[in-house]
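Per TrEMBL, the features are as follows:
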COMPBIAS  16-30  compositional bias 'Polar residues'
DOMAIN    34-119  domain 'Pyrroline-5-carboxylate reductase catalytic N-terminal'
DOMAIN    287-428  domain 'Ferric oxidoreductase'
REGION    1-30  region 'Disordered'
TRANSMEM  172-194  transmembrane segment
TRANSMEM  239-257  transmembrane segment
TRANSMEM  287-309  transmembrane segment
TRANSMEM  330-350  transmembrane segment
TRANSMEM  384-404  transmembrane segment
TRANSMEM  416-437  transmembrane segment
TRANSMEM  457-484  transmembrane segment
Amino acid sequence: MPDDMSRPLVPGWSESGGSRQLEASLSDPNTPMVGILGTGDFSRSLARRLVASGYQVVVGSRSPARSVALFPEEVEVASQMEAATQADVVFVAVFPEHHSTLVTLKSALVGKTLVDVSNSLGINRDGPSNAEQLSNLFPDSFVVKGFNTLSAWALQNGPRDGIRQVGLISGWWVFTLMCVGFNISCFVQVLLCGNSSKAKDLVKHICHRMGFIPVDMGFLSSSLEIENLPHHLFPSWRLPVLCMLCLFVFFYLYNFIQEVIHPLVEKGKGAFYKMPIEVVNASLPSVALVMLALVYLPGLFAAFFQLRWDTKYKRFPNWLDRWLTARKQFGLCSFLCAVMHAVYSLSLPLRKSARYKLSNMAYQQVKAGVEDSWNDEEVWRMELYLSAGIMALGLLSLLAVTSLPSVASTLNWREFTFIQSSLGYCALTAATTHTLIFGWNRAFTPARYPFYLPPSFVLVLILPCVVLCGRLALFLPCMAGRLWKIRRGWERSRQIRFALPGEDCRNGGGEDVSNV
């Protein structure tokens, strides 16, 4: 089986005619010679990618004779001094702690562009960044930070790791495009920063030729932020996931006390078999409903803050700002719990315990001589309960799908607001109705209050009902009209005139709403 390194990197390259094609691609005088300092995994993948993009590459190594076998034959492997001397652009793929070993190359790198691709070992909050340290070591060179958000595997096999930087394409679309053989590298962004515009333009050209989209992040002072990006672990998901886990633990323990501990205390009969399925299934819908209510609660807080301040030109508290920006994650966590609740509910009849209970109920019915156990009230309750639940899950699915960037980008602002706001409140109403029908008249049965604790379906209804009542309050004309004016720029403390198109305010046209 031939080695991957022996395969030609440039499409159509062969022993007979491939070298001429490669020379033709390199005959452009504007094509710079690219050097790479370092022989690690990232250096090898970068070299392969550069050669495949038509660049002539020279790699600088402290042991050229030992490193030559690690690179394809189109790459020249030389000493670090030779590589620094020949190259026009140099990628520094060396660990930051080894930057001092490159000081001997200072004279050879004068006036050249250095691309720092390194990352720190962890989040660096104090600085300086690796790129800034490299710039201090080579003051006569132009340092550009970039390519550190891509992995060696991504460079060599298709930059799927970099897809997380893209805002207009979702993972499902990326997966679909890859399945049909579409080249997704054109969707990957590479963040760049540097103090020299000319050096950044040169690196941008290389990015474009490699199939990436360069994004200019400004001066080299932004390099600390770029270097910290690969170390962030779902920063926007921490609060929603933590909230979801805390709610699940709370409701699980609450249901465990009612469903397992209470029978053990009162009757001396344990029901620990309920822990894996029944207790979990009773906790998931509670978490889903509360998380969905938490999606729309911050919007109500924002509206009431604006009504209280009589202006929209005042910053919300930091906790509300953070909450508002995490609403999408709260909604997706709610959707996850709802889907898991549906799956758990479908699995309830498959359990052995459910079969035993059904057999015992049938035996008791036969023993009591009951021929028809039909109960209209219970039948209607279950029909309405399931219908409301299915409707809520369907609306939640629609909200989750439209939150994907690839879908959201096809909607205008009015369509997106209608789905996420209007239909979102419909989903919350359907889920609340689903819970109310489940409770039915059970909330008024003393047997449903073990240890004087209310059932979980009573407890979970508090927050959704508060949100829905708050939303209804904002529909009142006195509230809705005032909020509309505030969001159109009206302030109680200022004189602001609203003029219709074509009216001349200098002649008294328009409506003075400052005291409305």
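Glycine is no exception: its Cβ is also placed from the backbone N, Cα and C atoms.
Beyond the ends of the transmembrane segment (416-437), by six or more residues, the same chain brings 285, 288-289, 292-293, 295-296, 299, 331, 338, 381, 384-385, 388-389, 391-392, 395-396, 398-399, 402-403, 408, 457, 460-461, 464-465, 467-468, 471 to within a C-beta distance below 8 angstroms of the stretch.
Averaged across the domain 'Pyrroline-5-carboxylate reductase catalytic N-terminal' (34-119), pLDDT in this predicted model comes to 93.
Under DSSP, the residues of the domain 'Ferric oxidoreductase' (287-428) split into helix, strand and coil as follows: 118 helix, 0 strand, 24 coil.
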